[in-house]
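Taken straight from TrEMBL:
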SIGNAL    1-19  signal peptide
ACT_SITE  His408  active site
ACT_SITE  Asp460  active site
ACT_SITE  Glu469  active site
REGION    509-534  region 'Disordered'
COMPBIAS  511-523  compositional bias 'Pro residues'
COMPBIAS  524-534  compositional bias 'Low complexity'
DOMAIN    537-617  domain 'Carbohydrate binding'
Amino acid sequence: MEKFMTPLLLLLCLPLALAGHDYGQALSKSILFFEAQRSGYLPHNQRVTWRANSGLNDGKASGVDLVGGYYDAGDNVKFGLPMAFTVTMMSWSIIEYGKQMAASGELGHAMNAIKWGTDYFIKAHPQPNVLYGEVGDGNTDHNCWQRPEDMTTDRRAYKIDPSNPGSDLAGETAAAMAAASIVFRHSDPAYSSELLRHAYQLFDFADKYRGKYDGSITVAQKYYRSISGYNDELLWAAAWLYQASGNQHYLDYLGKNGDSMGGTGWGMTEFGWDVKYPGVQTLVAKFLMQGKAGHYAPVFERYQQKAEYFMCSCLGKGSRNVQKTPGGLIFRQRWNNMQFVTSASFLATVYSDYLASAGRDLKCSAGNVAPAELLGFAKSQVDYILGDNPRATSYMVGYGNNYPQRVHHRASSIVSIKVNPSFVSCRGGYATWFSSKGSDPNLLVGAVVGGPDAYDNFGDRRDNYEQTEPATYNNAPILGILARLNAGHGGYNQLLPVIVPAATPVVTKPSPAPKPKTIPPTKPKTTPAPASSSGAIAIQQKLTTSWISNGKRYYRYSTIVTNKSAKTLKNLKLSISKLYGPLWGLTNLGNAYGFPSWLNNLAAGKSLEFVYIHTANAADVSVSAYTLA
């Protein structure tokens, strides 16, 4: 039996004062969340200071550098499909509302959040038809409750290639790279071109070698199974490649394949990391309103009809409408329902502005709807998330006075390694931290959690993963909506060519910085630049010799570490990445390297040498810790 709240009861349950929200503050917090999800070497200006370096050996067993990227949610696995969708949606947010983000001072942070993802994708795409789509295994990871910095779980890397295809994964990653190339087109043209080149290759790979990625990366099936298949991702990637390049080939692809691949046929009521059809339909409707359809206009009109089917269903004015809670929130499923709320609200926001720019209304079966009503719907969903709901609960951690305190998130629920460096074991983390009834020791600021059930009920418990676990793809779409609501429309035509404004520089290069190369050059640099030397310590590397064995060229590098201070150097810890062979002269401490067993300190002016051999460029070496006595 369905339950309904009477209008009077609902009114009494709502907060007494609904004095507008601080969308600018919510925007800042929602971007900050991505810094808590970072994997790899964290930059010197990392703002989420309770996190530290993690996953520093990712990809090493496969001979590829996969350090970096994002953990998807409350676990420590890097899943490629939702990560790529996250980057696509962050990029779309900036493409539409970059001016508003710049006005609030957050554009630089948002662009760096995107770059953290695209730098990783460049590494994960070492060859035109090879893409690494997962690092770690959800099954072993979910058996452990550990900080990312303490991980002892399997960090195997999984890839797709012509023999093991994954058109949905490659297509979504192509979309992410193409969309991000628009973001960086004016501020970093070389990087933008690099992203677009990867996008071209990934789309060709996805289209030529067709198949579902979870048939190749089977460990993803339990967590991110591709239910919708790959046709939606191929159309989605083509749409983004057309927007990024203006190349007629991709417009032709949308026009010729719209009917056969479902773009004009599927009327959907959900949009997210799996189902891309409403996103494709919204973008193609934009192309139509821009006058770019040409002789494909009849096909593009059918895309637009399905886009408007989605919008009308969100408003409750279509032939098939989405379910909503008594408090007015879109409700699709018990587990992480908020992902659908933010994604749908973003589409409603941008489509409202497209319609307003074109001077037309939304056509629903219940009648025409003004663009402002569509934007009003998106605002109502965001306001619900921020606290305008029957529980008066903010579902964005750290926003407002009443938000979740026991988030299903390993890193935030365990004391920071910087506060207590004692190792947290796999099962020990469950016994000590997961089962704790206390609030999280680290506030996961800006995280949008899974949210309430179909009747607006919510249980703030760490074991309630369906409701208290956050995800990057919950946050990514809300960036654009918050920027739009905070700064208004901006008075410009949303259908005109996109120019992302220059951002205030926010340097977030990790040390060592990722190098955007698709394939390592056959010859290493003869004078590698020393990685991060501190004022007290100098690091110099040089290539000493090379030889060929079994058809491969091997290189021997010598690295000199010098104590430049006037004091004795102790407790030295070096971070070394992109090392694909044996090393002599240091002690492996797990996440770092220390003095060799025969050396406890380094006197003033003295040096130590270590050597390593591998088949690539010089490894990246940096100082992570030391003391002077």
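Even glycines carry a Cβ here, placed using N, Cα and C.
Across the domain 'Carbohydrate binding' (537-617), the prediction's mean pLDDT works out to 85. Cα spacing between Glu469 (active site) and His408 (active site): 5 Å, rounded to the nearest whole number.
Most Cβ neighbours within 10 Å, among the active-site residues Asp460, Glu469: Glu469 holds that distinction in the structure as shown. His408 (active site) and Asp460 (active site) are 9 Å apart (CA-CA, integer value).
There are 24 other CB atoms within 10 A of the CB of His408 (active site), with all protein chains counted. Applying DSSP to the domain 'Carbohydrate binding' (537-617) sorts its residues as follows: 0 helix, 50 strand, 31 coil.
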